[in-house]
């Protein structure tokens, strides 16, 4: 092969990540996300120090929501990177699944943080420490302001789609019931509370409200156990909000068909099956490639006289309204005419007049064979139809060339001639020649039709 003297060395993983980060940072739209990410990191550092000084696990649980906001900013950067990248031979469908994976990872990490809070809260119920409220309220308002500013200032396309497409959480359902009652009194609030609130804004407000109640109860009655109870409430709200999003993004990663498009797909496939020239639609598979992008593949069997390009154009036109990335394989009907012979036959075998069959000698001794049935005469032998060692069962006949000439080719003479060969046990096999008679292997059988055993003619 060709020797490249100055071939570039392969980049390491850190080098590849740095190159892709520079590609994203070159876009002006990502500068705002990077700025909010830097502010988020600084605030997370201060909040973690205040959690340690106040000894409040409820503030720690609320700080985890700020860490989740940082993950959402990283997901937004990945979404911008996906829009810049084009499909490659390795990733023929593009890079849209990377943002799905980012959403799934972010929601799962948030749930793991909630489980960690539940575990720590269970330990604190056994021995409740003292809570210092000096910076508890300040940390609550700082985290609330940062969370709302991040969620409302940056349009996070992946999380916005998942929050609308995923099923509602139990917190959203309870707030929706309460909102209907409030909107019945004040109709102007229906645009804010209905049909359902943003789950991230809702959990930020609910967590801040739980921390404010915790601060008041500790300041009034020194009831430190309410801090643990608030931590459990925030952890459950976090888990209940993130779980439906994890399920939805996990189904996308598993290449399942979205339930809300199954009916539309069935209708389109029925229309395709009724097109002119289409015989069968099979092996159809449709899945969600990314958020809002549906991919699929289908095999279409058509008539032998149908136009492949025309059928392909019609099928693509019907399915492209719903499936943006579509692969259609067209193949014509593959029926085959039945053949008379399953194995090739030699040319010299076709002329039956030039050949005759010579049987092989018997497999066993003649004294063990009953001349009437041609099966072993032993009492323990199986019935004749199940005998495996009967003559002619396991031995193929030998076809030899007959040197005798026949003047009439395949014609048959209506006379009786003696047999060519007889087996040792008394069987006679008619020859393939000018005879058409039939003889048995019994010794007392008459030699010709129409005579009795004594040679006298029958009346």
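A Cβ is built for glycine as well, from the same backbone N, Cα and C atoms used for every other residue.
Those TrEMBL annotations? Automatic predictions, nothing curated.
The annotation compositional bias 'Low complexity' is assigned in TrEMBL to 371-380. Sequence annotations record features per position, and here TrEMBL assigns domain 'Cation efflux protein transmembrane' to 34-254. Annotation comment: TrEMBL describes 370-389, 439-459 as region 'Disordered'. Under the heading transmembrane segment, TrEMBL lists 31-50, 62-83, 95-116, 136-154, 200-218, 224-243.
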Report the listed stretch (31-50, 62-83, 95-116, 200-218, 224-243) having the maximum count of Cβ pairs within less than 8 Å of the transmembrane segment (136-154).
200-218
Any contact, the transmembrane segment (224-243) to the transmembrane segment (95-116), with at least 3 Cβ pairs under 8 A:
yes
Run the contact check on the transmembrane segment (200-218) against the transmembrane segment (62-83): 3 or more C-beta pairs under 8 Å, excluding pairs closer than 6 in sequence.
yes
Looking only at residues six or more beyond either end of the transmembrane segment (31-50), which have a C-beta under 8 A from one in the stretch?
25, 59-60, 63, 66-67, 69-70, 73-74, 76-77, 80, 135-136, 138-139, 142-143, 146, 149-150, 153-154
